[in-house]
Amino acid sequence: MPWKMGQGATLALLVASCLLLNAATGAIAADPTAESDDFEDGYVEDVPEEEPATGDSDENLVYESPVIDRKKFHFADHFDDVEASRKNWVLSQAKKDDIAEEISKYDGIWNWESPQRIVWPNDLGLVLKSKAKHAAIASRLREPFDFKQDKPLVVQYEVTLQEGQECGGSYLKLLSAGKETDELTTFNDKTPYTIMFGPDKCGSDVKMHFIFRHVNPINGTITEKHCNKPKNRLEEPFKDKLPHLYQLVVRPDNSFEIRVDHKIINEGSLLTDFKPPVNPPAEIDDPNDQKPEAWDEREKIQDPAAQKPDDWDEDAPPQIPDPSAVKPKTWLENEAEMIYDPTAVKPDDWDSEIDGDWEAPLVDNPLCEKAGGCGKWKAPLIPNPNYKGKWRPPMIENPNYQGKWAPRKIPNPDFFEDLKPFQMTPISAVGLELWSMSSDILFDNLIITDDVDVAREFAANSFDIKRRYIDRESKTFWHRLMRRMNYKPGWWALYFLYLLIPASCYVFYLYRRAKEDSAAKRAAAEAKKSDEPQPDDEPKPDSEEESDLSGERAAGDSSKESTPLSASPKNKKSDLDVSEETKTEETSEEPAQTEETTTKTRKRTVRKD
């Protein structure tokens, strides 16, 4: 019986599907980073008290280049004054070592220009135009930053990945003061730096770099200390093609703080949240200590007093033939299991001298399948109840166990304790040394200062105004949909399914309804063709038989304009009618039911003739 779905059931299914998909998409969108395996569970802390105040929708947002009070900054550049900014920045002319000559040059192209999505034409930035090329550019600080002063280091800048990014970095390097940084035209990947900070991504590996180079106070060696990964992935800045603000604050108490768009994404201590740690262990393993040969570190041993039982048969097979099995009566022992394919034909290009004698390929014998088997019959194998396997003595606690051996500890000759890792090598320049598979990476509003309030005020007059303007102009359905999907193309399938199920249910409902109507029409047409009585047919009195007969004749041949039968007078009767009436009068004494049956028979006989 075909399944039928009424209108109520269709609407119920439609509503249930919508609610289910809406709940699923809402749960996924609420936590777009739930699939991450690289980071531990955590949260991104919102800091509403430090976020910029949002203006009213009618606020007239106009950008003006931030005023730079040089006394408040060690470095500041909003890149709006192209002529003055070009004088500060030096393009690298160096080459990378240990790579091919044709790709060793720092020949990436830099330019000062407006963003592709222009908000204000007077808001310019430093743009890396080329991709898949090494690019380096640097600028000196107005005043070197010396970590010995009791003030924090604040680094802040904007990045807009105008073409997105699949593999590449947009971080910056704070170059160490010294002879190797006196000439910025030689700036390359080997140039000493004090801090490297900023975003980096290649494939699914997303990072927020904070690396500082620590100088060993005993021997002067330098080691890179890498900050632990933040608890949440930061994929949105690499996809939404919008400006994002990155800020690093390192304080004299060795604490640090990393913010993205005014939100803290990572924080901790220079002493405890870096790998390798700043201070080495006080003791180390003695490299000259060797484990004694007689040292027994086995926790358990075989029982030396145990003996194999006399009835233990190590040679017993794990499986034996089933003694209760019986060969089927239809088994064909004289038939081969495989036969030559009788339908195979020798190829026309077969050369017996080269290819040898041709033989048809083997196929399963069809007689074996019908008979249940062919060839020599063997009983099926079953587990051997007497099988015990190879005997081994049981394990007991080792009475001579001495524990796990470890070399003895000795004082670390390289041990030191640096309780002030904040006091790093002074910074004299800032540089961008990058390689990216994406072009048009825009850097803007780069500052280095020792006052967090100054940095916050600078962002309020630049980045905050820009983002408020963009957010206000972009509050359309399309933008909200893209943000909800976290800019992931794979989410299109989910939203397509969200719209497809209700539409499919409605189309299916219309299809079933049309099919039922068509079936009803075909049933009515078949009933007319076979002259079967319809449910609403009722017997008519004898006085109307003649008129019904004439109507039936006319309906039986409606395709003709006129016929002798339909054109004859109503009161004129045929010989057959007279004969039938005579028979009816002769049998008038029979019950009315018999008379009614006879009347019906007369109708059918006349219409058939």
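Glycine too: its Cβ is placed from the backbone N, Cα and C atoms.
Here TrEMBL flags 1-29 as signal peptide. Residues or ranges marked as disulfide bond in TrEMBL: CYS167-CYS202. Annotation comment: TrEMBL describes 271-329, 523-609 as region 'Disordered'. Annotated compositional bias 'Basic and acidic residues' per TrEMBL: 288-302, 523-542, 550-560, 572-586, in sequence order. Annotated transmembrane segment per TrEMBL: 490-511, in sequence order. The feature compositional bias 'Basic residues' is assigned by TrEMBL to 600-609.
Assigned with DSSP, the residues of the region 'Disordered' (271-329) fall into helix, strand and coil as follows: 0 helix, 11 strand, 48 coil.
Same-chain neighbours of the compositional bias 'Basic and acidic residues' (288-302): 392-398, 400-405, 407-408, counting only residues six or more beyond its ends whose CB sits under 8 Å from a CB of the stretch.
Proximity of CYS167 (disulfide bond) to non-local residues of its own chain (separation of 6 or more, Cβ distance below 8 Å) is seen for LYS201, CYS202, GLY203, SER436, MET437, SER438, given in sequence order. Within 10 Å of the C-beta atom of CYS202 (disulfide bond) sit 14 other C-beta atoms, taking all shown protein chains into account.
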